[in-house]
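According to TrEMBL:
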TRANSMEM  A:26-43  transmembrane segment
TRANSMEM  A:55-73  transmembrane segment
TRANSMEM  A:80-98  transmembrane segment
TRANSMEM  A:104-127  transmembrane segment
TRANSMEM  A:134-152  transmembrane segment
TRANSMEM  A:195-214  transmembrane segment
TRANSMEM  A:244-261  transmembrane segment
TRANSMEM  A:267-287  transmembrane segment
TRANSMEM  A:294-313  transmembrane segment
TRANSMEM  A:319-342  transmembrane segment
Amino acid sequence: MAETSRLRGILRLVEGPQTLGRGPKFWAGFALVLACACAYPMFADSYDVGNNVYFFNWLFMAMGLSLIWGYGGSLSFGQTAFFGIAGYCYGVLTINLGDAYGLTLLSLVMAVGFSAFFAAVLGYFLFFGRINGVFLGIVSLSVTLVLERFMAQTAGPQWAIGSARLNGFNGMGSMPSLTIPWPGGSIVLFPDLPLYYLTLALLVVVYLALRMLVNSRFGNVLVAIRENPQRAEMLGYDIRKFQLGAFVIGSSLAGLSGVLYTSWGNYITPASMGMTAAALPIVWVAVGGRGDLTTTLVGTLAVLIVFQMLTIYGSQYALIVMGVLLVVTVLVAPRGIVMGIVDASRRLFRRKEAR
Amino acid sequence: MDIFNLIFSFLYQFGDAFAFLVLSACGLAVIFGMMGVINLAHGEFIMCGAYVSTSAVHAGLPLPLAIIAGAVAAGIAGMIVELVVIRPLYQRPLDTIVATWGISMIVTQGTLIVLGPSMQGVGTPFGSFTMGGYSYSIYRVILMIAAIGTLALLWLMFTRTRFGLLSRATIQVPHVAEAMGVNTNLIYSLTFGLGAALAGLAGGLYAPTMTLVPTMGASFMVEAFVTVVVGGADIFLGTAPAAAILGIIKAALTGWQGQLAGQIGLLIAVIIVIRILPRGISGKILKERA
């Protein structure tokens, strides 16, 4: 009895002061969107379904950045570093271990774990050195750039881990996709229906879990630190531990993105950690609205779709548009475009009511 | 004789690393020290300086004048950026990083579209000299002198001129400086321009030694960041000693294992330094003095 009430208490955290959207209306909308997402493959061809999985892959990284930057207030440019580490790790592990007996799932867990470990080591030095926000950004960016350059020079047979060649600038390929062991032949998750539903399910679970996390005591302290680190410290919280915790969780989500992406395309290159790649998560999250998980999710998906359309019609201008979008968002709607629209419409409604 | 050669070779390597660190970082450090803004478009100002000075050489200008032209062009670009993007964001330093990154994306890709994937360089001038069987580039020695000269000029500028006085007042207590009649907005604008011009100078100086591609700024970024993080906010007490220490690390590791090892070494050094001296070398010195 006590346990069910505790469980209910935890589940109740899915709504709270740190997340937008509550009440039956929001959850009805959520269920509707989820139902549409579930029904989507019935109306689309398998290329579009695979493409959607590609979009979903990035959302984990974006939500992780929302946790680190939006909720925790520490700007990390290192998301793609953890993305790359986990991607390469998955590649090396699966090529060496093979894909029988669901070993790919073990590789997934180990790859994400490795990126979390790397994040913990880096985060220890950064947060326990008490460096401020600006320096955190440039150190994490330096780590990312150096990692990219390191991976780019790993061409040649001497750069191999087991039977996995790293292949330098060209990137590593031909690792097996994720598989689920199943009686009567395991299910290989090609970018098609099964992978779509798996990624979607994972997305919903991570989204709800993060909502609970940010509404829990941990999340409230994190927001308190963002608002005023000194005050949070005076109230007796060891802010370094909370920041490190958020950093590790957010970075592991980037790692999860990396594994899913590598498994999705059977391919990972150093360019996925470069300057441009590192800028993109910042664009998604800043434009969408970093301060809230839902706006991050919606905004990231929107920006990703727009970006892909742009790359199809005028590939060279896509990055310029992204840059302009970023600058304009920061100047005009610092809380993100989704929040900007919500605020503006709310103001409009108020005015109407007042009349 | 062999030992002498070895020492000379190391000194040359060290000087080269020192010059690179000082020149690539001082623009970033001036802006950061003054305004607490990290300019992620720093690499693009370097690229701007390199492109302008190279075009000027192609147009027939002698190299020193061309380099100055590059610095001036970058400086003007910097003041425009300050006016349009940085000024509204002074109260939000984290957002300035993001905004300047947006600018960096726009400029890199814009250059790629307008000027193509690369630009013809000018070749390293002055040839080389030989000592003990090894040949050394004379231009690299000039770069070392230029780095020290830049530091000296900056020192004179900040300690001997009216701009220096006003800008130091603005760093210390902006509101009081404003109350005393200093036009702090103008000072910020000039400082940002100065930082961008220094970046342009670095670009102009290194243009003859590098391939000119739109993304060339990124190859300066790690070194510049690392030097500023280790140095802290003060350019003379911070950037210069940081560049000296990091120069030794970089020269030793580069000589031993190659360019990339040098960079990785720098990065590890920085991460450790952050843990020990969170506010950099200058923060430590200034704290002890206070």
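One is the number of the first residue shown, and numbering goes on along the chain from there.
From the backbone N, Cα and C atoms, a Cβ is placed for every residue, glycine too.
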Query: By a Cβ-Cβ criterion of under 8 Å, what residues six or more beyond either terminus of the transmembrane segment (A:55-73) are in contact with it?
result: 18, 79-80, 83, 133, 196, 199-200, 202-203, 206-207, 210, 213-214, 219, 222-223, 225-227, 242-243, 246-247, 249-254, 256-258, 260-261, 264, 281-282, 284-285, 288-293, 296-297, 300-301, 304-305
Query: Which of A:80-98, A:195-214, A:319-342 has the most Cβ pairs closer than 8 Å to the transmembrane segment (A:244-261)?
result: A:80-98
Query: Near the transmembrane segment (A:294-313), which residues from the same chain, at least 6 beyond its ends, have a CB less than 8 A from one of its CBs?
result: 19-21, 51, 55, 58-59, 62-63, 65-66, 70, 207, 280, 283-285, 287-288, 321-322, 325, 336-339
Statement: Beyond a gap of at least 6 residues from its ends, the CB atoms lying under 8 Å from the transmembrane segment (A:134-152) belong to 74-78, 80-81, 84-85, 88, 122, 126, 166, 168-169, 270-271, 273-275, 278
- prompt: Are the transmembrane segment (A:104-127) and the transmembrane segment (A:267-287) close, by which I mean at least 3 Cβ pairs under 8 Å that are 6+ residues apart in sequence?
  reply: no
Message: Please report, as numbers and ranges, the same-chain residues at least 6 past the borders of the transmembrane segment (A:80-98) whose CB is under 8 Å from any CB of it.
response: 61, 104, 106-108, 110-112, 114-115, 118-119, 140, 143-144, 147-148, 151, 161-164, 166, 172, 174-176, 251-252, 254-259, 261-263, 268, 270, 272-274, 277-278, 280-281
Statement: Tertiary contacts of the transmembrane segment (A:267-287), defined by C-beta under 8 angstroms and 6+ residue spacing from its ends, are 58, 61-62, 65-66, 69-70, 77-81, 83-84, 87-88, 90-91, 141, 144-145, 147-149, 151-152, 168-173, 254, 258, 261, 296, 299-300, 303-304, 307, 319, 322, 325-326, 329-330, 336-337
